[in-house]
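Single-structure report; data block below.
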């Protein structure tokens, strides 16, 4: 995912992870100490009201890292109460200059950069992604996101409006209020930054639920939020499970907005809960089955490497992964042969090893789910060209897997696998591939590889997706919005568009004695 990763292009694989490319990456502590494993409310650490805990597991070994406080409805209630108090008129947060909010976000980014090596190691320990990627990609994008929104803090404002009559009219961009934020496990630090940046820049307060699979880095950042100087109650972080803590946020009558990144199935549940409670506004960034279209005139070397990257990056655990690779028939055989060779050469192993390209899946549940999809693919007639099995005797490692001769009606071509399983489909004409690509309930992203500008423009307009990449994949920047069509979600994150979901527009009209132009 992400711009920093894509910038390396074909070097992102073996070449990015070579010794030469990693000279600037400090050596990790493979057993980083865990400092924060409780609930963060009002700038203080708390045990769960129930005193319950849950284990967070190292996916490379299957061993428990530590126990974490298990937040539930009562803990969410406490967090919402603290956030609401911090948002009261006259509070330090409400009276703070917008420019000072920006300085606090910049200070938070500085503290994250100070602790970058530790956070990258902790992310790798808890999530399983290669340490080099945690350090060079995820942390890099976290810093850029927070600093980008720090710059917006005093620049997203209303306007004066010349209405008829002796009146003066203007708009204010006001914070929504208490924002519930539920983040996923595939990019824990980055998704935290995507949510916190626009919310805090616009003056909101936050109650965040972190994924139970990967709570540790987000909780450590809570310590840095306090150190940066954010007032108590502005950010509250509750580790816990979706059906309990997550559901409590989505249905809470005193939460004004909820933002969720995760599966379409859970997104539906959250939208229903929001509507049946207080009609809180909702933004959803959900699943995808993104088409990656390789035209016959594409640069073959680049297309093969980018298609590999589009699917296998982050162990295939990307909502926008290029998981339907459509290849024009006259280059299909060569593309498949070269894609299989590239997958076979992919280095799977210890995520702290600088040579590793692919670590484990995040947990046993995902591990078994992906293996189940592989079996389904074989049973339904897709041709297994490489991989398909377990890649280590412990941990949740899966071999890089490629299926050929995939048909649109097969389960693996319709459902989000969220793992290192590439599906390659053949097409004849550009008109055909547009129809097939759009024949999906999802619409998060798409890509096209071609040297023909007319084809690129036609496809970028015809494809039903929130993001279309041309001759690249997973190029992200904090400046560009991201979000989906159809069942891939609603609303946008990042960029100026990402601020809209966190503000209310108020119109103020004043009677004046006499208007002069």
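Backbone N, Cα and C define each Cβ position, glycine as well.
These features come from Swiss-Prot:
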ACT_SITE  285  active site, proton acceptor
ACT_SITE  319  active site, nucleophile
MOD_RES   52  N6-acetyllysine
MOD_RES   73  N6-acetyllysine
MOD_RES   78  N6-acetyllysine
MOD_RES   159  N6-acetyllysine
MOD_RES   368  N6-acetyllysine
MOD_RES   383  N6-acetyllysine
MOD_RES   426  N6-acetyllysine
MOD_RES   428  N6-acetyllysine
MOD_RES   451  N6-acetyllysine
MOTIF     9-24  motif 'SIFI-degron'
SITE      186  site 'Transition state stabilizer'
TRANSIT   1-17  transit peptide
Across the motif 'SIFI-degron' (9-24), average pLDDT on the 0 to 100 scale: 49
CB contacts for residue 319 (active site, nucleophile) [other CB atoms within 10 A, all chains]: 26
Around the Cβ of residue 285 (active site, proton acceptor), the count of other Cβ atoms that are within 10 Å: 27
Local backbone state of residue 78 (N6-acetyllysine), from DSSP in three classes: helix
Pairwise CA distance, residue 428 (N6-acetyllysine) versus residue 52 (N6-acetyllysine), rounded so that it is a whole Å: 57
Rounded Cα-Cα span from residue 383 (N6-acetyllysine) to residue 368 (N6-acetyllysine), Å: 20
Distance [Cα-Cα, Å, rounded] between residue 73 (N6-acetyllysine) and residue 426 (N6-acetyllysine): 49
Greatest C-beta neighbour count within 10 angstroms, which of the modified residues 73, 159: 73
Of the recorded positions listed as 159, 319, 426, 451, the one whose CA lies nearest the CA of residue 52 (N6-acetyllysine): 319
When distances run from the Cα of the residue listed as 'active site, proton acceptor' to each of the recorded positions 78, 159, 186, 383, the nearest one: 186
Number of Cβ atoms other than its own within 10 Å, given for residue 383 (N6-acetyllysine): 13
Residue among recorded positions 159, 319, 383, 426, 451 with Cα closest to the Cα of residue 186 (site 'Transition state stabilizer'): 319
Assigned conformation of residue 368 (N6-acetyllysine) - DSSP reduced to three states: helix
